[in-house]
Amino acid sequence: MKDRMSELVSLLNRYAHEYYTKDAPSVSDSEYDQLYRELVSLEEQYPNEILPESPTHRVGGKVLDGFEKYQHQYPLYSLQDAFSRAELVAFDERVRKEFPDASYLCELKIDGLSISLAYENGILVAGATRGDGSIGENITENLKRVKDIPLTLPEPLTITVRGECYMPKASFDAVNQLRQENGEAEFANPRNAAAGTLRQLDTSVVAKRNLATFLYQEASPTSEATQEDVLEKLSQLGFSVNEKRVLASTIDQVWDFIEKVGQERDKLPYEIDGIVIKVNHLAAQEELGFTVKAPKWAIAYKFPAEEKEAQLLSVDWTVGRTGVVTPTANLTPVQLAGTTVSRATLHNVDYIREKDIRKDDTVIVYKAGDIIPAVLRVVEGKRVSDEHLDVPSKCPSCQSDLLHFEDEVALRCINPLCPAQIMEGLAHFASRDAMNISGLGPAVVEKLFAKDLVRDVAGIYRLNIEDLLQLENFKEKSANKLYNAIQASKSNSAEKLLFGLGIRHVGSKASRILLEKFHDIPSLAQAEQEEIVSIDSLGMVIAKSLHSYFAQEGTQILLKELEEAGVNLAYLGEKAAADAVLSGKTVVLTGKLETLTRTQAKEKLLRLGANVAGSVSKKTDLVIAGADAGSKLAKAQELGIEIQDEAWLEQL
């Protein structure tokens, strides 16, 4: 009986792969149904013997309590965008400085939701959303209902793969037809439909909506030599892999593919919003490395944004956390890139003057990066008024005088007690890239502020359940959930806190670099400007901003309150002892390593106290060169920099 159940699971998973992924079924529908019914019958008789990879999980429904956070073992990076051929040429030139003979694999950029799938011994054990790249949401049960995701692999591999989950156009039309018949609001576009479906708490809904996937990356260490090889491996393992791709040896060939796909785009059975261009050889990818947000070996070309005409009705002026006052146009509604747009950014007061935007103008609207609606220009032939837009002289939040500094394009409110700035600052503090307090978004911040429950970030940690129950629409469950999220954030590594404080010019990357150097926020607060300027990639602008921030009495009070509330102020990443072998040394890796992966080599260097840089300069102390080292090695030799090999590093 147990053997028969195992045999049926294996057969049905194989047949499902042939049907959904290869579109080449080897058995008829009736044969499949007969085997499926036999398995269902056996599982009903022997529920304790049901295998986790059973295909019956795909259609069975369960109601989930919610989605837990999922720590990605391997970070998911975003991609640098390109909107013109010139930007692709610049990317190509950067790559060819290091690898003159580089080739590129061009793949379709599917307009869906990024997912990560983890397998242990060939069995799917976890599936998650991208989230902030480090922490996503565990949506394993929902992903098990996506029919072309294999529950088991043909080999007992432990592997993590990445891809895109999307809703085909036909499925999107069917879902919206059903929603229309049921009197429900229709989804704006397939991407929103896919994202909404994967966040359903009722898994049976996911099973009915016919989502699909394309996998494109092996995130765990791989023995493959090229991106082409990776895609072939994924296909052999049973994953859906998009066959519409091309290997290009020149940027001209890349552009030819972009133009060809652009012409065929509307005929595809799924939505795409661009082409992803990747350096094909994985050794070259490792050598080129990453910025804090994106790989240097890939770029995403985005197709030109759709443009529509709309009439300007009015302008709202809103205050951001740094005091910048931004104008937003209220427009007659238009359909743009699958969504209804009635508001669009006007950027700043200088932009309004430059484009000569006036009251009641007809304007061209587009989505910058296919995401943010923005006003592009005026249709002057349809102008009905010569009246200029009213530009405020007072802050719309606190009524303080607005300033327009000579070196800035924006109006700015400099009142530190401005309610809008405080609320925006609180929302930033709780945001995903900062303290990542789930549930503490702008709407909840506004409610807390209105009831005078929170006035600064330390006040967040003074909140209790009773405070949260005062908020509109908050019940015991939602109050407990937010309270627990606040408490959990106390243990974040301090670079998240530093970024969350919203110090001008100090982004997430600078926060990490600073805490790697000074180890905790109190030590950073005592640092001299010269110490900060001496750090590679940081400059005087950041040093002055930090010095000014920490010199304020209010900052010292705030840090003390945070510490007393139990918020961690220390960096929890790798810290090198002051007497470590490479303490304070700037080291560059180049060439192909034989025994260590580049990630392992970098981690070891960090443990030894080194700062690992991506390029060779006069500030470089040491270059570790593997096989086929290129221009970095040549430059190191030219500058007289110490050069060692992988064997030397392994002995340390």
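Every residue, even glycine, has its Cβ placed from backbone N, Cα and C.
Feature annotation from Swiss-Prot assigns NAD(+) binding site to Asp29, Ser30, Glu31, Tyr32, Asp33, Ser78, Leu79, Glu107, Arg130, Glu164, Lys278, Lys302; the stated evidence is sequence analysis. Residues annotated as active site, N6-AMP-lysine intermediate in Swiss-Prot, with sequence analysis given as evidence: Lys109. Marked as Zn(2+) binding site by Swiss-Prot on the basis of sequence analysis: Cys395, Cys398, Cys413, Cys418. Among the features that Swiss-Prot reports, domain 'BRCT' is placed at 577-652.
What Swiss-Prot annotates, mapped onto the structure for a quick look.
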{"residue": "Glu31", "record": "NAD(+) binding site", "Cβ contacts under 8 Å, 6 or more apart": "none"}
{"residue": "Leu79", "record": "NAD(+) binding site", "Cβ contacts under 8 Å, 6 or more apart": "Val276, Ala294, Pro295, Ala298, Ile299, Ala300"}
{"residue": "Lys109", "record": "active site, N6-AMP-lysine intermediate", "Cβ contacts under 8 Å, 6 or more apart": "Ile272, Asp273, Gly274, Ile275, Val276, Ala300, Tyr301, Lys302"}
{"residue": "Arg130", "record": "NAD(+) binding site", "Cβ contacts under 8 Å, 6 or more apart": "Leu76, Leu113, Ser114, Ile115, Ser116, Gly136"}
{"residue": "Lys278", "record": "NAD(+) binding site", "Cβ contacts under 8 Å, 6 or more apart": "Tyr104, Leu105, Cys106, Glu107, Gln227, Gln285, Trp297, Ala298"}
{"residue": "Cys395", "record": "Zn(2+) binding site", "Cβ contacts under 8 Å, 6 or more apart": "Val319, Val325, Asp401, Leu402, Cys413, Asn415, Cys418, Ala420"}
{"residue": "Cys398", "record": "Zn(2+) binding site", "Cβ contacts under 8 Å, 6 or more apart": "Cys413, Asn415, Leu417, Cys418, Pro419, Ala420"}
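Here the binding-site residues are Cys413, Cys418, and the one with the most other Cβ atoms within 10 Å of its Cβ is Cys413. A helical conformation is recorded for Glu31 (NAD(+) binding site) in the three-state DSSP classification. Same-chain neighbours of the Zn(2+) site beyond Cys395, Cys398, Cys413, Cys418, judged by a C-beta within 8 angstroms of the site's C-beta center, are, in sequence order, Val319, Gly323, Pro396, Ser397, Gln399, Ser400, Leu402, Asn415, Pro419, Ala420, Gln421.
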